[in-house]
Amino acid sequence: MPGWVVLSVSTAYVVILFLIAWWTDRQGAGRRLPVPTAWMAALGYALTLAVYNTSWSFYGSVGRALSGFDYLAIYIGPTLVLVFGQRLIARIVTVAKSQNITSIADFIAARYGKSQMLAALVTMAALLAVLPYIALQLKAVGTSFDILTSPAVAADGARPIRGDSTFAVAASMALFAIMFGVRHIHASEHHRGLMAAIAFESLVKLSAFVVVALFIVFGMFDGLGDLAARTQADPRMASLLAPDFSDPTWISNTIIAAISFLCLPHMFHVAVVENQSLSQARAAAWLYPAYLLVFSVLMVPIAIAGLATFADTVNPDTFVISLPLAADAPVMALVAFLGGFSAATGMVIVASVALSTMLCNDVIVPLLLRSRLVGRSGAIWPSPAALLLVRRVSVAGILLLAYMMNRLVDQAYPLTVIGLLSFVAIAQFGPALLGGLLWRRAKGAGAVAGIVVGFALWIYTLLVPSIAPLVPAVDALVANGPFGFAWLKPQALFGVAGLDPISHATLWSLGANLAVFAAVSLLADRSPLERLQAEAFAEGVPAQSPPLASLPLVTRLDDLKTLAARFVGAERSASAFDDFVEQRRSRQDGLADMEAMRFTENLIAGALGAASARVVMAAALESRSLSRKAAVVMLDEASQALHFNRKLLQGALESVPQGICVFDANLAIEAWNARFLTLLDLPRDLIRVGLPLAELVDFNRERGEYDAEDLKALLVNRDLATQSWPYVYERQRPDGMVLEIAYDRMAEGGYISTYTDVTERHRAAAGLRRANEELERRVQERTQALEQAKAEAERANMGKTRFLAAASHDLLQPLNAARLYLAALDESLKPDEAGKGLLTEERALARNAAAALSSTERLLDELLDISSYDSGAVRAQPVDFSIGSLLAQLELEFSAMARQRGLTLKVVASRLSVRTDPQLLRRVLQNLLSNAIRYTPKGKVLLGCRRRKDGLRIEVRDTGIGIAPERQKEIFEEFRRLDTGEEREKGSGLGLAIVERICRLLDLPLEMRSRPGQGTCFAVTVPRAAAGAAVAAAEKTPAASAASQRALSVLCVDNDGAIRDGLAALLSRWGHRPIVASDERTALANCNGQVPDLALVDYHLDGTTGVEVLGRLRKHWGREVRGLVITADRGEAVGAEAKALGCEVMAKPVKPAALRRYLDAVALEKGAGLQRGASH
């Protein structure tokens, strides 16, 4: 392809970048640039992070993919940091913003007492580490240009300087960086134009990579299937898809990539210095990994395609551009070149800006301040223009050095190796950075020693072997070790061989760095300032301190303002000091205290860095008749005093039960307590010193905290000049919490707000209102109930003989009907008023038949129960309840039976609670007590509890006939009864069989001890309820009361006319108003618009079920009418269906006593419902 075409496209692309950056800066300066939405800002931030994806990613990783999947390690590291290191990133960003941090060197130096020596060391080490990385970008651009325009020159590798396109690229990058990256002296300001251009470049390189990859896969080959087939046919290609996770390269590359993602100067700049909100970092946790995923997925197909096309004849690093050329697709090759060009230029521009800031602030300015150019009078200071010139010259010098290194680097040297070499060097900052944030005892001496040792070993184990091919003497040292000591060979240090060079260098350099850093930190001392900075960095939010009037006044505010103007410019200095003076209304005498000095130092730090700003302030105080050392000591001691005062203030705030937040005169946050964050459910990384109240309001509005009325009441919408103080209003949060918020002015300026949780107060008021309303409604309902009861009482005796027990289509229905008929016969044989007509013999026969029928019903009930337990149709529903209430009910139930038999029933009360199914346990104890009374001719029966380690042992003891040992097992079988030898009622022989099955269902151990003639003891051990568990009382049979006599309107739906008549008669005798129907249609017609209190429905109706009918009736009435489903089907499915509709179930045959208890309970709930509702 003609060179002029490539140059024209490259020039046009650079012009586009210039226009984007220029337009963004111009619009921002004129305040015409719209504020981006949160998602747009987050997307832009994530795209600027993609400056991490350099030409190494675009070209070199494809070549690295030929060795397997270990190229993924450089992407896994950043992903782990973003996904799992959000709290760490938030702390770094918060501290950097609070202390006006400008670079990674500034950050590390500020943590360790603003050490200028440490800042200079980090700067020079970063320059040495990053220069090869920048040279890598220039090499990639030059190589791709030559491949595209002059393949012969690219293959030969010889490029004369005069015709070297790389020099033009470096020059254009330097010009761009100077114009848009070094425009302002305040290095911590946001470079909106530069970042917009970087985001655009990230989109370009991703789009180009995707387009080229799709062309290679589907244009040159027949898709992924074709590539997969070729891979399977070629063993070398197949090995690409078999990752070896045991290779130490995975671990070493992931570690150095993760650390480099935070510590590379250009990454620290875009991730921390240019960060505008912590929410951007949270969004980048998934946006940027998705960006990396696209690159990662497409690299393997390109590598396979290159291997299939070129075998070993072409450098794998050039596959992305060589493949389109081989396919005679020059346009696609140009797209690939443009993508690689974007990947390289983005990194070079940002890295040169970041390094120039570090060189200026941490190396050149300190040298100037220590030189004779700045005298003790401080009259000659580097002007803002001079500082800008220094940075611009530094940018040009950095790129010139990188270009010279590019000329020296072997053109055949893999791009990936150069990149990893820089990563290992940058990783040496990791212990100092992470240790400073996570370990309060980390000291500056340890950081210096660790970095020096780590870099020395990096040079020895990695950099020296890299230049060995260029220097024969070095080549001999690498091969044989110094002085022939093989154990000192750089790539097999101390005999550790078998590792790849990167893993070997990482092991020794980073391991020694960490060890020396920890050891020296434990042994060294630290200054007061270093101690304060350690606490500030560990806490994550360095707080601004209140003024201390007691500190010595050593200068005037005007002098500090003039001092700051020499570094940040007169306009910025004047604006900053005007705001400072306005906020400190209590200091109007023009004298500066220590807080004013700290403010000035922080302002200068934004231009010079924390370490150089400290030197400037010390020099300024030195000119006020203090030695520089004494000035530094005074600053440190004052800082320590201010910090102590801040601790006292924070402790006082935390002791207050209300949430508290303090704002300055501009409604920016100055202080807060933890209760404030808890009540408003605010993330800790959101709140910081200086956060405007308007931003906090915007955050809450985006998550739906306010309604229209709340927005009107917010302080930011009030006229503060005319507002009466204190200003108090209430707001309800989305979770239901009600906050009382009070704002008041402070005497020294600013505002204080308190937040009190008044939810319980509102709930109590609402409960009182509901109680009054419910009381009025209850009076109305009781009046209506009395009127209905009077009307129904007149018809109470109309159908006494029409009630029959319901049973639809099995044995229970005819048996129930027979019981009703025998009951009617017994009624007809009663004597008249004169006592005549008594047919004792016939009546005795009727009663005997009824008793036999009752025994048959009981037998059928027990057989059905056994069938349900055996089939699994019954499931336990364990709850926590008091065993005492259950024992009391059993005593009441069986006392009369025992007295009738001439026995004494003794029940020992207990206040303990157990966890099991109360109804099933009640059935067990009922059967055991019934048997004990039945088989005890004389004496007593005892029911009581014993504490056991594994639960509560419930025992039923009697003094009866006892059980012979040979029969103690068979009594649990069906139809096994003991022969008492007496004429008394005998059981069915199923009671203990039911007990055994229930205990098995409840997983309760059942024990029995008995001796013939000495009685029997049955025991069941029940688990005790957990401590503190909510305990319900066992279900009680509702006692008859005035409330239970409330007449109910009861709808009875059954397709059997006799059952309908019987239910109507029985309900009428009990004082209720029955409404009978055979189906849904007649039910609606007979109700005549009235909604009944209760519906009794048979489950099996004609063509439908009672549950379905009740559901449709409820929908028609628009009310959840209580329902009782009557069924002979005891399966679990029927119960589940009824429960899903909120209905209860009663099994056929229906016993009148059970039905009456149920109706009494419903009437009782109807009468007491209002009182319960009010109590809740």
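Here the Cβ of each residue, glycine as well, is placed from N, Cα and C on the backbone.
Features of the protein shown, as given by TrEMBL:
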TRANSMEM  6-23  transmembrane segment
TRANSMEM  35-52  transmembrane segment
TRANSMEM  72-96  transmembrane segment
TRANSMEM  117-136  transmembrane segment
TRANSMEM  165-182  transmembrane segment
TRANSMEM  194-221  transmembrane segment
TRANSMEM  250-273  transmembrane segment
TRANSMEM  285-311  transmembrane segment
TRANSMEM  331-364  transmembrane segment
TRANSMEM  385-405  transmembrane segment
TRANSMEM  417-439  transmembrane segment
TRANSMEM  446-468  transmembrane segment
COILED    765-796  coiled coil
DOMAIN    806-1026  domain 'Histidine kinase'
DOMAIN    1049-1163  domain 'Response regulatory'
MOD_RES   ASP1098  4-aspartylphosphate
Please report, as numbers and ranges, the same-chain residues at least 6 past the borders of the transmembrane segment (117-136) whose CB is under 8 Å from any CB of it.
54-56, 60, 103-106, 108-109, 264-266, 347-348, 351-352, 355, 358-359, 361-363, 366, 398-399, 401-403, 405-406, 409, 415, 418-419, 421-422, 425-426, 428-429, 432, 444, 447-448, 451-452, 455, 609-612
DSSP puts the residues of the domain 'Response regulatory' (1049-1163) at 54 helix, 29 strand, 32 coil
Within 10 angstroms of the C-beta of ASP1098 (4-aspartylphosphate), the count of other C-beta atoms across all shown chains comes to 25
For the coiled coil (765-796), mean pLDDT (0 to 100)
78
How about the transmembrane segment (285-311) with the transmembrane segment (72-96) - do they touch, taking at least 3 C-beta pairs under 8 Å (6 or more apart in sequence) as contact?
yes
Which listed stretch (194-221, 250-273, 331-364, 446-468) has the most C-beta pairs under 8 A with the transmembrane segment (72-96)?
250-273
Intrachain residues whose Cβ lies under 8 Å of the transmembrane segment (417-439), provided they are six or more past its termini:
54, 56, 60, 74, 88, 91-92, 104, 107-108, 111-112, 122, 125-126, 128-130, 132-133, 135-136, 139, 253, 255-257, 259-260, 262-264, 409, 446-447, 450-451, 454-455, 458, 462-463, 466, 502, 505-506, 509-510, 513-514, 517-518, 521, 534, 537-538
Quick test of the contact rule: Cβ under 8 Å, at least six residues beyond the ends. What residues does that give for the transmembrane segment (250-273)?
48-49, 51-52, 70, 73-78, 80-81, 89, 92-93, 96, 101-105, 107, 126, 130, 133, 187-188, 195, 198, 281, 347, 350-351, 353-355, 358, 420, 422-424, 426-427, 429-430, 433-434, 500, 502-503, 506-507, 510
